[in-house]
Amino acid sequence: MASSDGFPASFYGEPGVLGMLSNGISAFLVLLQNFHTAHTGTAPAGVENILAGVHLILIGGVCQLVAGMLSFRKYDHLSGTAFIGYAALWGSYGATRIYFGASTQTPTIVPLPAQITNNLSLSTNMTSNMSLTATMVIPVFHVCLSIKETAIAGLVPYILLSFLLAFCSATVNYIMPLVFGAITATLVFEAVGLVASSWALVVSGVLELLILIFAIYGSAALLGKGLTQRLVLKGFGTPLFSVLLLGTTNSAPFIFAFYSFGYIKSFGVGVAWVSIITVAQLFSSYYAHLRQDCYHTTKFGLHATYWLIKAWDEFVLSALVLEDDKVASGREAMVGNWFFVMAGVMLCVGSLNTDVLELIHNMLPLYCTFSRLINTIAEKSLIPVGPQPISSEMLKKALMCCRANQGDQEALTQTDQGSDALFYISNGVAALSALHARSSSLNPAFLHLTVPWVLISGAIIQAYVSRLQVTGGGRFGSVIPTIYVAVWATWTWFRFSGNLLQLSAEAAYGFTAGAIALLVINAFLMLIAAYRNLVLLFLTSVMEVVLVCFLLSTLQRLPYEFEIATLALFSIICIYGALASLVNCIFSHRLLPMGPPLIKEKVRWESVPELPCPVANSRLTSSLMKIAGLLEEGGVCGVPTDTVYALAASCKNPRAIENIYNIKDRPAEKPICICISNVEQLVEAKPPFSPLLWEFMRNVYPGGISCIVSKGDWLFKLGVGPAYDRVGTKDSIMIRVPDHTVTGHLCDITGPLAITSANPSGEPDSTHHTMVINRLGHKLQGVLCDGDSNEVVASTVVNCLKIDEGTITIVREGCVPAVKVHQIFERVKSTMV
């Protein structure tokens, strides 16, 4: 098991088992309902639909969400995208089933107090043709209108996503395309079944049965691979075609488009679909944060904030049935949209450092999703994304034009975090949305609209930012965003919800005490901000004035003009803070000034031990690229494998391979093996191996077994090139294919590596990166840290030079017992007869 500073054991597992089974079981649940409806002619209703919806959310939603995050941590972006996308699909479909169940329940007739009856007559226009009495039917099912229409609108983007995934997955194996293709067809007939006869449900049920069968087979294949360390069942590892020949979907725009054109009459079910997909987007933002990708952390977080606010905005209006003139005046008073416009411009500035496709992402989202997936799988730009609009140097000069010393590019410190931009955005949206005149507070439509705008951005999204800053490891953690969550939640409750609920004077005094407490707490936050930068200090200082306005409002002494100016100033600071934080994080230098900290912390540098060589965290893609760069430059680095740590050198640099002998005092007569990522690389090199040797290698690779085979010119095609005479012996070479995602991905980047155990010759193997650093760090150019190794001994070495004569020899027994190796060989021989 890995320690806390390395990957957990689940990183090396197969999250595809969980994801595929969750898909299959979810399809099976829908299959049962479809066949029952087609057979009896009666659609499920009531509790049956509610229970089905709960199961779909838990199994198809939550379980696949876990599988998607684990897949991303394995650098499997295709499976990660698929599982998180389908988690949103099944979660939304489950919510729709719950709405179906709720809408078919018998309405409850209850007596209403006279005060509530009067309030209803003032806030709705439903009483114009009938008089309210002391007893009436509560209109609780207005939000359940347009369920079928919303479901159809929501299924459209997932049909497109499934089609793209089916096409992209064909570059990986031939099981996942069948699963995704069956899901694509199923979603089409599910949409048809919502408006057509039962025949569509029968076809959909048959396709869902195929999904279940494919999912069971695929899960069994992956599970067998994990247990036996080889591909027991066919289907994985063999693409339908080579990719060389050739973020999660967002359904919110589709649902809003159907709603805007009048196809969907009520947004009650639509808000559930949009809310679930925004949760998936927040997980994408969180994954980008783990990769230290501040641009996509901010981008996905901003998109999630916008669509979540707009969804609940429309839900409030469609559920409350307010008068049209009040709705129009309420929308005119809302100015929060302008902050999103400015934030969009800020993202465009940040995307100037990427490519043209990023600039037009909102115009062509499907093409962007397809190209990003294909290019990620191939690890090169196969699908055109356009050049970088402006060179990084030109962009830096443009952004630094306001600095006094343009040559001064101060590096970021530990106090700077990738989530800072999202922190400023969430506060800015909340502040600008809370801005209103005295007359607007009398409009019930404006009060209803303001609640989701301020509460979602200032409290819900900022709570997510608080979580990001906890993982960022800053000195003060998430203190400021956590307190501001309470500030905006309290603000919303009193200023907007309080007017709707008509809070008593005693309740208002309670908010007065809370405002005083928040004033005192914010004074301490100003002290914390003084350790960071001037922009954050100005922000917390203006927040102190905002809290004074909140205190005055609880005492009915608020000067609205003063509050408008304060909130506007607060929003301007947030816009600049978001832009500066994003740009500075992208370039890892302070191109836009944030101001120095007023209070500087005295750091005891002598207490920090200096490492003998650069180290990199295997969790981070940037760290993996750093080690790959060191290897390309001719360095020798310590890297993890599926057994123990190894010393690695690129086969492109023969001198680096010679350095390995000097580093570990290895006798010259002991050869060094080569490491590749998968057997398919050997297939492309076309070595003259016998069918028996090929079958044996497919059964032991990847894993803790190394095979000695004959040397030949095929090694040049493999990429060994200049290192031909430095690896192996004169006539033979040992090949290693680790069952380790990090090492395999490193080999994909650098090409074949020459490796040997990372220990001084004659000493025990290194089972933790600290052992490599302490024993050999002063001689290495870098160490890729991955915590505890999976094994305590090296791989088992098998001599396969005489395999065609029916014999193999165990040269060294390592983590795989010799008995098991012979069992595998005998089984392979029996199948070749």
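Note that Cβ sites are derived from N, Cα and C of the backbone, with glycine treated the same way.
Note: TrEMBL annotation is automatic and uncurated.
Here is what TrEMBL says about this protein:
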- 12-32: transmembrane segment (TRANSMEM)
- 52-71: transmembrane segment (TRANSMEM)
- 83-102: transmembrane segment (TRANSMEM)
- 178-202: transmembrane segment (TRANSMEM)
- 209-228: transmembrane segment (TRANSMEM)
- 240-259: transmembrane segment (TRANSMEM)
- 266-284: transmembrane segment (TRANSMEM)
- 334-352: transmembrane segment (TRANSMEM)
- 476-496: transmembrane segment (TRANSMEM)
- 508-527: transmembrane segment (TRANSMEM)
- 534-555: transmembrane segment (TRANSMEM)
- 567-587: transmembrane segment (TRANSMEM)
- 621-816: domain 'YrdC-like' (DOMAIN)
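Across the residues of the domain 'YrdC-like' (621-816), the predicted structure has a mean pLDDT of 88. Non-local neighbours of the transmembrane segment (209-228) in the same chain are 13-14, 16-17, 20-21, 23-25, 27-28, 31, 175-176, 178-179, 182-183, 186, 234-236; each lies 6+ residues outside the stretch with a CB under 8 Å from one of its CB atoms. If you look at the transmembrane segment (567-587), the same-chain residues 6 or more away from its ends with a CB under 8 A from one of its CBs are 294-295, 298, 339, 342-343, 346-347, 349-350, 353, 392, 396, 399, 412, 416, 418, 420-425, 427-428, 431-432, 434-435, 535-536, 538-539, 542-543, 546, 593-594.
By the Cβ criterion (under 8 Å, sequence separation of 6 or more), the transmembrane segment (83-102) is not in contact with the transmembrane segment (508-527), since fewer than 3 such pairs are found. Contact between the transmembrane segment (52-71) and the transmembrane segment (12-32) is supported by 3 or more Cβ pairs under 8 Å, counting only residues 6 or more apart in sequence. Packing against the transmembrane segment (12-32) from elsewhere in the chain are residues 52, 55-56, 59-60, 63-64, 66-68, 70-71, 74, 76, 79, 82-83, 86, 90, 93, 179, 183, 186, 190, 204-205, 208-209, 211-212, 214-216, 218-219, 222-223, 225-226, 642, 739-741, 790: each is 6 or more residues past its ends and has a CB under 8 Å from a CB in it.
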